[in-house]
Structures are given as structure tokens and as C-alpha cells.
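Note sheet for the following structure.
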Amino acid sequence: MSSSTSSQGVVDRVQNFVSEHKHAVLIGTAAALVAIGGAAYYASSSSGPRGDVEKGEGKKDRKKGKKRKTVKDDDGPILEERKSKVSAVEEGASRAYVEARIAAHGNAEEPNYTAEEIAVLPEEERVKAAASLKAKGNSAYQQRKFSTAIDYYTRAIAVTPKPEPVFFSNRAACFVNLNPPQHEKVIEDCDQALALDKNYLKALNRRATALEALGRFEDALRDFTAAAILDKFQNMSAAESVERVLKKLATDKAAEIYATREPRLPSHMFTSAYFGAFRPRPVIDLPENHTTGDSTLRMALEALRAADYAHAFTLVNESIEQGISWDAGKAEALNLRGTFKFLMTDIEGAKADFLQSIELAPSFTQTWVKIASVYMEQGDPKKAFECFEDAIKHNPNDPDIYYHRGQVLFIMNEFAEAAENYTKSTELDNQFVFSHIQLAVAQYKSGNLANSMATFRRTLTAFPTRSEPQNYYGELLLDQQRYPEAIQKFDSAIEIERAKASSSSSPMNVLPMVNKGLAIFQSEQNVEAAEKCCQEALDIDSECEAAVATLAQLSLQQGKIDVALKMFDRQASLARSEPELISALTYQFATQAQVKFMESYPEMAAQLGQMARMM
């Protein structure tokens, strides 16, 4: 297992932990935001939208999982679940004035009052007229006469002595159902309704849906997030809407970033881990009459051995441009350039270089192995295994073939077959530490705990100066929740890495520090100590994605929202692939939506804390 694989494993573990507790994290994060402003807030005493259920329109459905009625249902939709304040005086209102106005207009409809007439109309008659217009609007809506309903609600809004959010929300529902829907007007009406009652869930959801339809995903996410929290996560459709919009938002933003971002190498640790997953090859001998391009290739390979990856990439490009005089050298150069392209996620460019390299030197089995990775990246495992078979035909004794075929099988959860390949690789060369480590991990994944632990103990003895066996053994102990033993192994790995860094120019692998922080977090819930481990890792390697991702989540736990947002931004900038970028952006946008929620609903702090403790 390479360090890059393990690094992603750390990111996956912390994000899986968060995912399993996502409601508690979401609420706890928002609740923690109150500390940022230093203000005191109070818990809202309301348990939901104010007012009684409106007679004749159906009681509010408290069973959140039940399917809501829509305009397409035979008996029409439940337009509104709450009673307008105007109906409170409906029974006691005098009918004399209204009857006179109806007679004056000469029809049985509610009079279409002018602004001047409304100004002189008694308040109780205005209340009565508004309630009557609303009822007629509801009836027209039930009959799918949306334009008529809009007219009634508009007249109700004009005549009511006190603005009512239900009138605006119901009119918004009509605009939704026009053909085509008038989303902008939906938003305008919901803005009005929410200005009158910011806790109005139906208006929040309607506005969010309209914003989503217009492609205004950040604004839609803001409203769906608010609706989900205000509804205390009892309505699954609200939570699903948050996830749906988050996915759209993050996916679109990732595509935009990828379209404009210059290709670049991933972090030093990731690049080192990838090259470290192949056994070192001897430096090539140049032809007697070598060219400038030949010499430049030799310098590129020397830079690679010195882990000067940026320089190696520049030099190998120059060597190909200058021209290489012999086929084996060209194949070597194309293999190296293709590898760098693969690391920079230029999959098609890497594939072209690897195929050309194979044409020049088909016995160069490392290229077969690398192009198998390309086919796996493209979702074609059948083609990948064909490449491994071709490699074996050319050199059946190359241990790298079996190690990397084992890696592919491991990714596919074929752990028993993976273990067979790792075993074959160690039989051909028992000095490659990762074959032993991956064998132990595959045995563990297959359920052979005793064999796995025994393999790890042998590996620890055989490679006492390598940190990787200590670190990966610690990860398996962590998975078993054997926290003190896991932390001890991570400490041993850290000591080995420190000694290596002090005695050479090799950079320190900080992954054991991140793993230690995660172990402390899971075992003791000591967020500050875990954060300290990750921060130390970042001080040493500022591009360690595992440290950035873990620190972002730990910052959320501590309510350090500004730090979390910075970490998510860094995680996005470090992301090597589009899925990694989407993951980072998802957390970033979710956190921003929670910040906006607390800015709009500071009084929810105490309730959020209570909800977090209950989840």
C-alpha cells in the first residue's frame, strides 16, 4: 500500500465518521457559531408555524414520511396548512357594508375594490373581504385555475389591513404551477412571506425550489439548509434536497475549476508514494555517441532518484523535444512523461505516452502495469487485467506486476485473490516492504485476523527502520478500536520518520501524525489534542491532504468555522482528481450554508445544541 493510498484512507475515515453523524455535526456546527460573535442568544419558544390548521384545507401532516398531495392529485393539493390571522374575526364581522358593495357592483363576486375604496373601508370589513378572497383563491387553486387564484390572492393582499404571509405563499404556489412556471415571481412572493415570518417552512421550501430551478444553487442550498434545521430533520425530503443541491453545486463548481486550472503535480508526499510503489530501476546507460536529448534524459532520471520531481518533469519534456537517439531511451522517457501526466490527471495524455512506449519497448513491463492503472481510471478493469497478462508474457518474474495486480484486486474487494498476488510478489522479491504490508491488510479484510497480525509482526521485525509497517499496523489496530496500541504504533512510526529526516534530506512522512490525531479524536473525543497533531503535520508538510481534511473536520467540531472554511478551501486546491475536489467543495458549501443560517437565526443556538445532543 502506498502512502497516497493510506492518505486517502485517512480522509475517507474521518469523512465517513462525519457522514455517519452528519445531522449532529450539521447542528453542532451551527450551534457552535454563536461563540464567534460573542453574543448571548435565547432559544425560540415556538414549536412550529403559528396559528391553527385552516378549516377545510386539511390538517398539517405530522407524519413527515407521508407523501404530500400535489396539484396533480384527484382531490387537489393541500394548499396551506395554517390559518390566516384575518379569519380570527370572520364570524363577528358585520356583513352590511359588504352586501352594499356587492349590490353596487351588481354581481355575486367579491367587489374589486379600488385603492380609494379600501382606504375608507372599515378594518373589520377589510379583514372579512381578505378572508373571503383567500377562500376563493384556494377554491380556484383546487380547480387548477391558477390565474384566477392569483387574482384573488392579489386582491386579498391589497385589501387586508395587515400583511399576511399566507397570501404571498399561496400566490407563489400558483406561480409555480403556471405553464411555464414563473420562478422569479415565486421568489418575490416568498421573499415577502419570509419577511413577515422567517420561520415559514412552506415559503422557505418554495423559494428554495424556485432558486434551484433557476440554477441559483448557493441560494437554494441556503434555504433548504434552513428548512431542514428548522424542521429538526424530521422531514427527509428537506435533507435529501440539501444533499441534491450540494451535489449539483459542488459538481458544477468542480467542473468550472478543472476547466481553468493549470495541470500541476500533486503534493510531494503523494508523488513520492506513487513512485515508491515501484521497485527502483538501475539508471540507464547512454549510447556511446549520445545526443543532447540522451543526456537530458539521464539528468531527468537522476532528478527522479533525488525526488526532485518538478525538475525531473521539466527535464524529461526537454529530452523528448531535443530528440532521443535509441528506442529503449525513448520508451523510458515516454514512460516517465506518461507517469507525470497520470499524476496530473491528464489520463488521455498518459495513455498516449504509455502506448507509444510499449510499441518501442514491449518488454518494459512497468509500462504495462502503468497503463493498466489508466484503464482502471477509465472504468475498464477487463482491459487492465489484459495488460497484466501481457506484462507476465514478457517477464513473468517481475514482482511489480503481481504487486500492482494485487492492488487492483484489492480495490475491487477481491481480497483473497489480492493476497495471492502479494504473496507471489514477495516470493520473487521479499525486500519490498509494501508487498508484505498489503498482504497483511488483505488478510485482515478477508477476515483472517490471526494471519494478518502475524504477517504484520514478521514485517515489523524484517523492516525495523521503516515507518510504514508501524503506521499501517496502527491503522488496523485503530479499526479494531484498540486505541492505546494504535497510538503507540503511530508514535513509533513518527520517531522513525523524525530520525530519517534528521539524518538525510528526505522529507518526513507526516501521515502517522494525522493517524495519531484521528485515534485521539475517536478514543477520547479530545478535539484539541487531535487538532494539535494535524497542525504539527501541516507545519512540516503544508500540502498533506489528509492533515488538511482532518483538521477541517476537527475545526468544525470546535466551532472554528473560519478555520474550517480555510481548510476546505485548501483541500479543494490540493485535490488531485475531480471526485476529491467535489468532496472538498461539498463540505465547503455545506459549512457556508450553516454560517448563513446562524446569521439569519441566531436565536436557534440553544435549540441546535439540544438537537445535537439528542442525535
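Including glycine, each Cβ sits where the backbone N, Cα and C put it.
TrEMBL entries are annotated by machine, without manual review.
The compositional bias 'Basic and acidic residues' feature in TrEMBL is assigned to 51-60.
For 61-70, the entry in TrEMBL reads compositional bias 'Basic residues'.
The region 'Disordered' feature in TrEMBL is assigned to 42-77.
Break the repeat 'TPR' (130-163) down by DSSP state and the numbers are 27 helix, 0 strand, 7 coil. Annotation source TrEMBL lists repeat 'TPR' at 130-163 (among others).
Marked as repeat 'TPR' by TrEMBL: 365-398 (among others). Tertiary neighbourhood of the repeat 'TPR' (365-398): same-chain residues 278, 281, 331, 335, 338-339, 342, 347, 350-351, 354-355, 357-358, 404-405, 408, 411-412, 428, selected by CB-CB distance under 8 Å and a gap of 6+ residues from either end.
Across the repeat 'TPR' (399-432), mean pLDDT in this model comes to 96. According to TrEMBL, the feature repeat 'TPR' maps to 399-432 (among others).
Taken from TrEMBL, the feature repeat 'TPR' applies to 467-500 (among others). Only residues 6 or more beyond the boundaries of the repeat 'TPR' (467-500), in the same chain, are considered here, and those with a CB under 8 A from a CB of the stretch are 1, 3, 6, 9, 433-434, 436-437, 440-441, 444, 452-453, 456, 459-460, 506, 508-513, 515-516, 518-520, 522-524.
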Short question: which residues 6 or more past the ends of the repeat 'TPR' (399-432) have a Cβ under 8 Å from it?
1, 5, 277-279, 365-366, 368-369, 372-373, 376, 381, 384-385, 388, 391-392, 438-439, 441-443, 445-446, 462
